[in-house]
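Note sheet for the following structure.
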Amino acid sequence: MKLLAPSILAGDWWCIGEQIQATIRGGADILHYDVMDGHFVPNITAGYEILSHIRKRASLPIDAHLMIENPDKYIPKFVEAGANWISVHIENNYHIHRTLQLIKELGAKAGVVVNPGTSLSAIEEALYYADYVLLMSVNPGFSGQKFIERSIERLRILKEMRDRINPSCLIEIDGGIKENNIAEVVRAGADVVVVGSGIFGAKDIEAQTRKLKSLMLSAVSV
């Protein structure tokens, strides 16, 4: 199973509904929704109220990536707003097992996120409980950053850890994914690939989504 997740943070919010529909027609599997509070990361984005409006206009699962302080306080709000997947960072969560359990109890898939500068050993225990791991291939906070090449090796290491500890756990990657590297990250072990400007920066979003999904599937068959 290889899933493509357009990151709507990179879209044009004047016409985001139309752009989301274009990604759906192009074969997108999940919508990735970044949430930033200006404290954990140096940027501020939309919260659960905007997510609830997107939920009304999109049939795909919504993956809410919470880059915020005190995520446990807001997780119920995001689930209520329509998030189907919710991920939290290991870097600001001292009770990751409790947080993952909370997400699951609310009926959503529970994910743990690891930043580029954090050792993968930090999430080893969380792998036993997580439905997915989100590996950041840029430093979180802004769309359109350059892919960190070391992420390919980290993907391979993470896949080995996942296969040993919890084979059903999905591996997601986010940051700097374009046409030139999407096949490589899939071959290295990514099950879910988040793409922002690599989709929404195209003139024809539907065609670009379809092209990237084809590249992912071709990488699996090689």
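The backbone N, Cα and C atoms fix where each Cβ goes, glycine too.
Mapped onto three states, the DSSP output places ASP34 (active site, proton acceptor) in strand. The active site, proton acceptor feature in Swiss-Prot is assigned to ASP34.
In the three-state DSSP scheme, ASP174 (active site, proton donor) falls into the strand class. A 10 Å cutoff on Cβ-Cβ distances gives ASP174 (active site, proton donor) a total of 26 other Cβ atoms nearby, all chains included. Taken from Swiss-Prot, the feature active site, proton donor applies to ASP174, supported by sequence analysis.
Sequence-distant neighbours of HIS65 (divalent metal cation binding site) (same chain, 6+ apart, CB under 8 A from its CB) are HIS32, TYR33, ASP34, VAL35, SER87, VAL113, LEU134, ASP174. Positions annotated as substrate binding site by Swiss-Prot, on the basis of sequence analysis: SER7, HIS65, GLY141, PHE142, SER143, GLY144, ASP174, GLY175, GLY176, GLY196, SER197.
According to Swiss-Prot, the divalent metal cation binding site annotation covers HIS32, ASP34, HIS65, ASP174, on the basis of sequence analysis. All protein chains included, HIS32 (divalent metal cation binding site) registers 26 other Cβ atoms within 10 Å of its own Cβ.
Neighbour counts of Cβ atoms within 10 Å were compared for the binding-site residues SER7, SER197, and the top value is held by SER7.
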